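Here's the structure we're looking at; comments come further down.
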Amino acid sequence: MLYLIVALCLRSVICVATSSPGVAPEVKLNDGHLMPTFGLGTWLGVTPEGQLAEVQDDSIEKAVEDAIDVGYRHIDTAALYNTEPQVGRGIHKKIADGALTREEIFVTTKLWNDQHAREKVVPALKNSLQQLNMSYVDLYLIHFPIGTVSNFTPDLTDYLETWYGMIDAQTQGLTRSIGVSNFNQDMIQRLVRETGVVPAVLQVEIHLNLQQPALLEFCRQRGIAVMGYTPFGPLFPSKASPGAPPPRIDDPALVEMARKYKKTVPQVVLRYLYELGVVPIPKSVKRSRIQQNIEIFDFAIEEADKRLLRSFDANYRLTSMPFWKDHPYYPFHS
């Protein structure tokens, strides 16, 4: 039992006690606010034709309600996803039911690339707040360092200008914390050097095939919490492109490891990311999967198993955005 308690708190951001009814512990961000260490993602992905998937029903709204029912207290959305209205409705329904208060749910949303000019940031957040039917969000992120015009064509708006707009939004009380997504170390250092304001959170792609140890250590040293999207990577065969590195969900070693802990392979993967110091935000609209995903706080992974899981790191990125690779602010150069 002592080993489990210690393992639960040996993370890159300090664990603190919480009175929240949520399942996940909270972390104290570098601006003093608290963030739950596990969240529900609401990105619907893209169609086989490469187009943004459209919201066709109320599945996101119901997923948010289900997530709150089973103990989630962190919901991640973005202007790009077109899921903010459903996220807001799901949360407000549970508030009306008395399941929680607004202060007990952590809401993250993101600024899209076509609103990067400093004077556009606050109006963009106000529009997201209108979609969510909220007066503030807990965390506002710059989705990408690359500004674009409405048809995804890159423009040259400096992300430093965008960061000043984010600071404006925080100063006005529209968001409690501000951060960035898909930024690299050099970009973060530039933000801090020029403004003195350290992002509270960095959200990036992290999974078994892209573990980013140097980036995690960089953030740990600066008190920047790391949220991880696409936490399963190509684990599921249906999501794996030809040539994607192993493992898959039926990998014998992972199956045996899950059996040992009396967990599923996805739960073992999520727990491993959590122990790396990452706040995972897996997405699902199935209540059973939503519940299963968050049931990772009652076990710890042994060091020998961590060594095996580390061995799958292949610097394999799913979100590369190659159509922006010639942009001066492209963040994924090797």
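Glycine is no exception: its Cβ is also placed from the backbone N, Cα and C atoms.
For 1-17, the entry in TrEMBL reads signal peptide.
Here TrEMBL flags 39-310 as domain 'NADP-dependent oxidoreductase'.
Of all Cβ atoms in the protein chains displayed, 24 besides its own lie within 10 Å of the Cβ of Tyr81 (active site, proton donor). Annotation comment: TrEMBL describes Tyr81 as active site, proton donor.
Taken from TrEMBL, the feature site 'Lowers pKa of active site Tyr' applies to Lys110. When Cβ atoms from all protein chains are considered, those within 10 Å of Lys110 (site 'Lowers pKa of active site Tyr') total 27, not counting its own.
There are 20 other Cβ atoms within 10 Å of the Cβ belonging to His143 (substrate binding site). As annotated by TrEMBL, substrate binding site applies to His143.
Across the domain 'NADP-dependent oxidoreductase' (39-310), mean pLDDT in this model comes to 96.
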